[in-house]
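Copied over from TrEMBL:
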TRANSMEM  7-39  transmembrane segment
TRANSMEM  45-66  transmembrane segment
TRANSMEM  78-97  transmembrane segment
TRANSMEM  117-138  transmembrane segment
TRANSMEM  168-193  transmembrane segment
TRANSMEM  199-217  transmembrane segment
TRANSMEM  224-243  transmembrane segment
TRANSMEM  249-268  transmembrane segment
Amino acid sequence: MSSISLMLLVAMSQMIIIAIGQMNLSVGAIGGLVAISFAGLMEVYHLPISIAASIGIVIGVAAGFFNGYITAKTGISAFIITLATLYIFKGINLGITEAQPFYKIPEAIRFFGNEKVIGPIPYLIIIPLIVVFFMWILMTRTKIGRYMLAYGNSIQSSELMGISSTRIVITAHVISGLLAAIGGMLVVCRLSLGTPNIGDSWLLPSFAAPVIGGALLAGGKVDVLATALGVVIVAIISQALVIFKVDPFFVQIFLGFMILFAVLVNRYREYQEENKKKIFSHE
């Protein structure tokens, strides 16, 4: 359940970027940078949890803004921009920590990350469920959500509708950075420490869940609830493979094939829709 909690945030962070037809390779690096900053501020500077968390949020939002602003203003693919910032954020992470973890975490953090509300349900699931709810509202009930999907579907058409490309791209990346930041801090709660490798394994699951949930990598189509279901599916399969003592190396391969299969299925559906449109246009 705890792994599902964390991956919900990671998947949502990537999903909103996929919605606008882009990719964010730095999701894990942002989460890792925020995680280590959050833990370090509490251990080294003895800051209260609320202030350390607020600074962590600011770092995540700033990193997202940096990604979005450069992407929007230069027109360079977000794939390239976030590949570069992945190394920038990771380098800052290692510079802060000197590759050493922070262990002195407040007891309240340990409690929140490891205790249960009731039965098998951890406190850790509360924030991700709230995030999923607000993401569902954002993408289905708000103008900005519709604008993001319109932009992902067709940049030219969205601009003709008066939608600001710069605003959409920056907003999506800021939200992505925010969610990655929350995810990073929740990992600190779960592990009861801040370690430099937090976020290193996020990239593959961040794409797997939205794609399995039916998101189009070309943009314009995402489903928040289906993405959440995709997280559960990935978690169950990963756990099953671990139970059967499958080498972690093969777990990664299996997830890669799952993404490939989901993309091929989506492409086949797109192909069918295109054919239907052609048939109706001829009639």
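All residue numbers here begin at 1 and follow the chain in the order shown.
A Cβ is built for glycine as well, from the same backbone N, Cα and C atoms used for every other residue.
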- Message: Test of understanding: applying the rule of at least three C-beta pairs under 8 Å (pairs 6 or more apart in sequence), is the transmembrane segment (249-268) touching the transmembrane segment (199-217)?
- Response: yes
- Which bits of the chain, at least 6 residues beyond where the transmembrane segment (249-268) starts or stops, bring a Cβ under 8 A of a Cβ in it? 204-205, 207-208, 211-212, 214-217, 234, 237-238, 241-242
- Item | For the transmembrane segment (224-243), sequence-distant contacts whose Cβ falls under 8 Å of one of its Cβ atoms, 6 or more beyond its ends | 3-4, 7-8, 11-12, 15, 132, 135-136, 139-140, 205, 208-215, 250-251, 254-255, 258
- With the transmembrane segment (168-193) as the reference, which stretch in 45-66, 78-97, 117-138 has the largest tally of C-beta pairs below 8 Å? 45-66
